[in-house]
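This report refers to the structure that appears directly beneath it.
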Amino acid sequence: CIKLSCLCLFKGCPSDSGDENVERGNWSSKREYMLSMIGYAVGLGNVWRFPYLAYKNGGGAFLIPYTIMLAVAGIPLFFVESSFGQFCSQGPINVWKAVPMLQGVGVAMMLVSTLVTIYYNVIIAYSLYYLFVSFQSHLPWSCSSGSWNCTSTPGGRCNESVFGGSAALPVCNVVLQRSAGMDETGPVLWHLALCLLLAWVLIGAALFKGIKSSGKVVYFTAIFPYVVLIILLVRGLTLEGALDGIEYYIGTKSDLSKLSEAGVWKDAATQIFFSLSIASGGVTALSSYNKFHNNCYKDSIVVCVTNCATSVFAGFAIFSILGHMAHVYQKPVSEVANAGFGLAFIAYPDALSQLPVAPLWSVLFFFMLLTLGLDSQFASIEVISTCLQDSFPTILKSGRGFVTASVCIVLFLLGLPCITRAGIYWVTLIDHFCSGWVLLVAGLLEFIGLFYIYGGNRFIEDIEMMIGTKSALFWLWWRICWFALTPLVLLVILAWSWYTFTPPTYGPVGYPSWALSLGWCMITFCLMWIPAVAVRRVLGARGNLWQRLKAACTATDDWGPYLDRHRGERYSRQRKRDTVELHADVFVIANNDICP
């Protein structure tokens, strides 16, 4: 017994929960990990962005570039990130012990996740408010007798362009009370502030015990959206005009000539990249809690295919009901289909208001948006908490609940400007600047760091330590993608985004120069840590410039699998000195014959 106690004290022993990594913890089951990953990847963009992109870019023809980009960009990067985090059981910052000079990439991922989390939870607050006001016999945004005029709403006035420009369908202004521009901030809207607070309380409660608690919540939040989409699709297909909507979406009106346009391929690649939530740290953070020999290859394929299939499936549910709405208003589908906020908070709610028992359908739809948003938020907050705990293990290791609560409180306060009368302008500004170039740069540097500095063959050997040895033919496709195709796609998207950059607008409303400068400052704030950390690593090394660069690009002594029993011969020598020092007391005890 004493011997077992000694081994548990210094090397860790299995816990009652079945965790092989007692110090960090593991997912309670493979199901919880997969549901969390699917919930993280499948978000609001699958419902409000992909269907519109497919409709705009040739309908069914858009599936061709979309599938190709999934194969050459989406799955390869997802596989890299899930393998990277699982191999060393570390978050987005500490994984870069493999290439210390690029540790700033992890910092950039954490910061951009923080900024995105701020505005993303505001969208969840919108969903909560719409959900609450749906519990009444007459929906506030419903239109009477098929007209284009909102019915009166107590406590609010109506405006044709709350979420968008003049092309937006009417919706009641009681939700946002939008000002004329970003210069007119106005007061915090108390009803949205309460919804935002509730959203953060839900997230904090679900993550209070980390993956042990969030893993239970995702059984509902990851599955419920599929139930609602199936219900909406079945209901939509029974409506008059539904087939017209599907024809516009992905039917016989597909335009193959669109494939000759570069913008279509760029939209497909961009949608794949952002839909899978890669290069933002979430995939790495969630996979870091896997057991070492988990088959991350199969997981990556399943999650990526499920995510993209969900996008296609959601489009049928959305456009079947939009087709009915176009039939009611006697207008083309193109005039009732909007992108982004307009689709989720104007066009689709207005379409649902035309159905019998409209409040029921509205409650289901906004509750679905809520669960979709919460799943993505769970992973984003996990990125921040994991990075903090990995960076300061001595201080924060035992205070998971305190870390989560503190992060939620701080982000709630930072999100208050987004729920003023100018709040929607802040949401659009952060979305436009932060969820683009930073992620593309981080993703590109991931490939450069792992496959050209750390070594692609070495990384493949690391993966084989987890999933077993594979044939050269198996790795052929991945080598082609990792060494050439995927980095090239990311570079082209980055260059194209820079070349086609236009200042953001919200409908017809432009942004003042100070707001645009603030947007560039947010990008700079996220990216500046990459060169800053690189310079610090080089200056902290010894020797001439070449020796310093080489040292900054060499993996640290403690890089490798987290647990000693997984390190094998390849990594055992790196920690030999630390192991001897760590277990010196064990040897002394054994010499005293206390442990036989």
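Placement of Cβ uses the backbone N, Cα and C atoms for every residue, glycine included.
Curation plays no part in TrEMBL annotations; they are all automatic predictions.
Since we're looking at a predicted model, the values are computed, not measured.
Copied from TrEMBL, the annotated features are:
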- 33-51: transmembrane segment (TRANSMEM)
- Gly39, Ala41, Val42, Asn46, Ser275, Asn307, Leu372, Asp375, Ser376: Na(+) binding site (BINDING)
- 63-84: transmembrane segment (TRANSMEM)
- 105-132: transmembrane segment (TRANSMEM)
- 188-208: transmembrane segment (TRANSMEM)
- 217-237: transmembrane segment (TRANSMEM)
- 268-289: transmembrane segment (TRANSMEM)
- 301-322: transmembrane segment (TRANSMEM)
- 360-381: transmembrane segment (TRANSMEM)
- 402-424: transmembrane segment (TRANSMEM)
- 436-455: transmembrane segment (TRANSMEM)
- 476-499: transmembrane segment (TRANSMEM)
- 511-535: transmembrane segment (TRANSMEM)
Worksheet entry | Contact call for the transmembrane segment (188-208) and the transmembrane segment (268-289): at least 3 Cβ pairs under 8 Å, seq gap 6+ | no
Response to the item:
Contact count check, CB pairs under 8 angstroms to the transmembrane segment (436-455), set 33-51, 217-237, 301-322, 402-424, 476-499; argmax is 476-499
Item to complete: With the transmembrane segment (63-84) as the reference, find which of 105-132, 217-237, 301-322, 360-381, 476-499 contributes the most Cβ pairs under 8 Å.
Response: 476-499
Fill in: In the chain carrying Ser275 (Na(+) binding site), residues 6 or more apart in sequence that have Cβ under 8 angstroms from it
Ala41, Gly43, Gly45, Asn46, Arg49, Phe50, Gly74, Asn307, Cys308, Ser311
Practice prompt. Six or more residues out from either end of the transmembrane segment (217-237), which same-chain residues have a Cβ under 8 Å from its Cβ atoms?
Written response: 31-32, 35-36, 38-39, 42, 206, 245, 310, 313-314, 316-317, 320-321, 323-324, 355, 361, 364-365, 367-368, 371-372, 374-375, 378
Worksheet item: Between the stretches 105-132, 268-289, 360-381, 511-535, which one has more Cβ pairs under 8 Å with the transmembrane segment (402-424) than any other?
Response: 105-132
Worksheet item: Which chain-mates of Gly39 (Na(+) binding site) that are at least 6 residues away have a CB under 8 A from its CB, listed by sequence?
Response: Val218, Thr221, Ala222, Asp375, Ser376, Phe378, Ala379
Worksheet item: Excluding the flanking five residues on each side, which residues at least 6 beyond the ends of the transmembrane segment (511-535) place their CB within less than 8 Å of a CB in that stretch?
Response: 101-105, 107-108, 111-112, 115, 181-183, 425, 429-430, 432-434, 437-438, 441, 445, 503-505, 552
Practice prompt. Determine, for the Na(+) site, the additional residues of the same chain whose CB lies within 8 Å of the mean position of the CB atoms of Gly39, Ala41, Val42, Asn46, Ser275, Asn307, Leu372, Asp375, Ser376; present them in sequence order.
Written response: Ile38, Tyr40, Gly43, Leu44, Gly45, Ser277, Thr310
Worksheet item: Taking the transmembrane segment (301-322) as the reference, which of 33-51, 105-132, 268-289 gives the largest number of Cβ pairs under 8 angstroms?
Response: 33-51
Discussion item. What residues elsewhere in the chain lie close to the transmembrane segment (268-289), defined as a C-beta under 8 angstroms and at least 6 residues from its ends?
Written reply: 21, 24-27, 33, 36-37, 40-41, 43, 45-46, 49-50, 53, 57, 62, 65-66, 68-70, 73-74, 77-78, 81-86, 88-92, 95, 106, 109-110, 112-113, 116, 211, 296, 299, 303-304, 307-308, 311, 376, 379-380, 382-383, 386-387, 435, 439-440, 442-443, 446, 489-490, 492-493, 497
Fill in: Those residues of the chain, 6+ apart, with a Cβ under 8 Å from that of Val42 (Na(+) binding site)
Ala222, Pro225, Thr306, Asn307, Thr310, Leu372, Asp375
